[in-house]
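Structure first, commentary second.
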């Protein structure tokens, strides 16, 4: 079903049908090997990173979660499903873009890929708006934060992402909905957040906090832009070619044969960058990760834990803690 060179991958990233643009790959083994390696690395890193996010959010359930945490949880689920489709695409590419899993599996994997691609972008957009509202209106509303409205927003996002998997004859709408609108909302939300923080910092002279927030926002916006812009730019070029607004020439063929698959890889890397950007940049999650790694790989940590228990009058035996008290 996905025969036809890079066209099979173009259908995933840009929403094209197989008959839209007849670009045949030259079967370059170096390019295919490079893409398979990138997909494997992204899959492994995204799998570990997003599972850690789910674990940390689960641990944090003992305390009160914020609205942003709820979006982070859904984003991790989205990215986790997304990276789990990469092995299928890697096999497809390794076999010179020949899909070996049958038509039914092709439709399922394609739908899951596109749905989670849109869901990831939508959740990133919702998080940017929520961050601004949480900071800007925190002083105006002293009422406790409720997750009810956030759950409804997440349900709407999943619904929209599912609807986005439906075929559409207007390909430019996929660029508009999948990149232009989200990028605009993310940029405006974080610019407004920066302006608000600058005004507050001028009153409180808290330059350190302003610098930290500015750095965090810059990383978020740049990662979103750099990961998705090349892919959507080439997709837009394809739209212009299809509408006869741009010429079909050798440059177009070379870009779609060699560059476009790499932009798909770049877009996929966003799924393993999200855990780093939205979790590991937060001090509480870094502390939890450090503690987890110490428990897993450091015998000294376990010895220290036993020593600390003993100092409190406790004894560890066969995985159980026994507390003793001196006789009166």
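Glycine too: its Cβ is placed from the backbone N, Cα and C atoms.
Here TrEMBL flags 30-56, 68-88, 108-129, 150-170, 176-197, 217-238, 258-280 as transmembrane segment. Annotation source TrEMBL lists domain 'G-protein coupled receptors family 1 profile' at 49-278.
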Do we see three or more Cβ pairs under 8 Å linking the transmembrane segment (30-56) and the transmembrane segment (258-280), pairs being at least 6 apart in sequence? yes
Would you mind listing the long-range same-chain contacts of the transmembrane segment (108-129), meaning Cβ under 8 Å and 6+ residues beyond its ends? 11-13, 15, 68, 71-72, 74-75, 78-79, 81-82, 85, 88-89, 101, 153-154, 157-158, 160-162, 164-165, 177-179, 181-182, 185-186, 189-190, 220, 224, 228, 267, 270-271, 274, 278
Under 8 Å Cβ-Cβ from the transmembrane segment (176-197), and at least six residues away from its ends along the same chain, one finds 117-118, 121-122, 124-125, 128-129, 131-132, 135-136, 164, 209-210, 213-214, 217, 220-221, 224-225, 228-229, 232
So what's near the transmembrane segment (258-280) in sequence-distant terms, Cβ-Cβ under 8 Å and 6+ beyond its ends? 6, 9-10, 12-13, 28, 31, 34-35, 38-39, 42, 45-46, 49-50, 52-53, 56, 72, 75-76, 79, 82-83, 86, 93, 117, 120, 124, 127, 219-220, 223-224, 226-228, 230-231, 234, 286, 289
To what whole number does the mean pLDDT across the domain 'G-protein coupled receptors family 1 profile' (49-278) round? 80
